[in-house]
Amino acid sequence: MIMNRSCSSNAYFWLMSFFILSVAVRSQLSPYFYAKTCPDLFGIVRREVQNALKNEMRMGASLLRLHFHDCFVNGCDGSILLDGDEDSEKFAAPNLNSARGFEVIDRIKSSVESACSGVVSCADILAIAARDSVQLSGGPFWFVPQGRRDGLVSNGTLANISIPAPTDTLDTIISKFNNVGLDHKDVVTLSGSHTIGRAKCASFSKRLFNFSEIGAPDDTIETDTLTELQNLCPESGDGNITSVLDQDSADQFDNHYFKNLLHGKGLLGSDQILFSSEDATATTKPLVQFYSENERFFLMEFAYAMVKMGNINPLTGSEGEIRKNCRVVNS
Ligand code: HEM
Ligand SMILES: *[C@@H]1O[C@H](CO)[C@@H](O)[C@H](O)[C@H]1NC(C)=O
Ligand SMILES: *[C@@H]1O[C@H](CO)[C@@H](O)[C@H](O)[C@H]1NC(C)=O
Ligand SMILES: *[C@@H]1O[C@H](CO)[C@@H](O)[C@H](O)[C@H]1NC(C)=O
Ligand SMILES: *[C@@H]1O[C@H](CO)[C@@H](O)[C@H](O)[C@H]1NC(C)=O
């Protein structure tokens, strides 16, 4: 096909306009959403997250993970924060005895309500708290688009289906990301979250003893790491004991997670397969390698990927509601 210069730049212009418009229309979120209605919002959230981290550094990781588990189930609508019965998200397999930080969100919400009552959604508070958690752990800053409204249902069945499990294959993990509009690059970039936080023995102990029914440990685990983890998590021991996800710098938001993967030191099965599985060669492995050598790129792309994740299917306008209490829908 022959195209003259003006025609091709014209096409480029329309393509870019379309792209910018569709992003704006699709997200309908803005970093200035509460500039007039709740000007102190950022200061309030920052102070509360700071206090929580002073008390327990791990809480930053827990708040980041809550935002992820919120966004993957019916979009970022604060649904994970709702109390409920055994069919609710809190009781679903990925969250039960594992998701934490709800009391911190309650504290932030009540401070925000004192300053500007009935204005700020729980979904937005969670998105801002996740950003502050990353930054206060030494990670990047980004502007958090806001204007999400709170959902009315918590769907545990959907949480079971949508949130990736540490025992999933790489294909399954990538397709669970695809289902919410994220790609295989986002899998790698966002998995970099595991540079902070902890996991229970129950989340990875299968790898240590009887992996995939072969009656032997996962052979992608480095030998000293294997011995340490077997001692921490004996086969018949308490599955609630925890290990740091990044043994190199547990609470520091850096690229050591990726360096670890190069040396067989990923904690979860879903971590190590990003580098070691056969399927990884054509999908995730090159980016793991790249991030392990380029911390700045990782931190920058992490910020972009968090905005992308935060844009998953938000309720906007008059959809949903602004919850008064993050644990219950307004009556
Ligand atoms: C790629 C698929 C992923 C899988 C299979 C996965 C799985 C897990 C598991 C099993 C744990 C430990 C939970 C426990 O034992 O209690 C964990 C912890 C964590 N995950 Fe992921 N995760 C994934 C992606 C992500 C993403 C996208 C984020 C954030 C954007 C994230 C953030 C975290 C954080 C910060 C922790 C530590 C939480 C804490 O210490 O309380 N993960 N993840
Ligand atoms: C989610 O999965 C767990 C574990 O398989 C199961 O016990 C639970 O009933 C499921 N929850 C829902 C709401 O389907
Ligand atoms: C929960 O999600 C499942 C799976 O998408 C769906 O079939 C079900 O109708 C949903 N339940 C509610 C209460 O929305
Ligand atoms: C490993 O697990 C499989 C299936 O769960 C079981 O049949 C086998 O006996 C186990 N092997 C060992 C050595 O425990
Ligand atoms: C972990 O602790 C919870 C709550 O105390 C308990 O219900 C669960 O059985 C424990 N899980 C394991 C694997 O020990």
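Glycine residues also receive a Cβ, built from the backbone N, Cα and C atoms like all the rest.
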Considering the Ca(2+) 1 binding residues Asp70, Val73, Gly75, Asp77, Ser79 given in TrEMBL, which of Glu56, Glu89 is annotated for that site as well?
Glu89
Considering the candidates Cys7, Cys71, Cys76, Cys116, which is the cysteine that TrEMBL reports in a disulfide bond with Cys38?
Cys116
Just the number: how many Å between the Cα atoms of Asp77 (Ca(2+) 1 binding site) and Arg65 (site 'Transition state stabilizer')?
14
Since the record lists Cys122, Cys201, Cys326 as disulfide-bonded residues, which of them has the fewest other Cβ atoms within 10 Å of its Cβ?
Cys201
Surrounding CB atoms that lie within 10 Å of the CB of Ser79 (Ca(2+) 1 binding site), all protein chains:
29
Beyond the listed site residues Asp70, Val73, Gly75, Asp77, Ser79, Glu89, identify every same-chain residue whose Cβ lies within 8 Å of the center of their Cβ atoms for the Ca(2+) 1 site.
His69, Cys71, Phe72, Asn74, Cys76, Gly78, Ile80, Ala123, Gly151, Ser154, Asn155, Ala159
Going by Cα-Cα distance, pick out whichever of the recorded positions Arg65, Ser79, Glu89, Cys122 is nearest to Cys116 (disulfide bond).
Cys122
Using Cα-Cα distances with a 10 Å cut-off, which of the binding-site residues Asp70, Gly75, Ser79 are near Cys122 (disulfide bond)?
Ser79
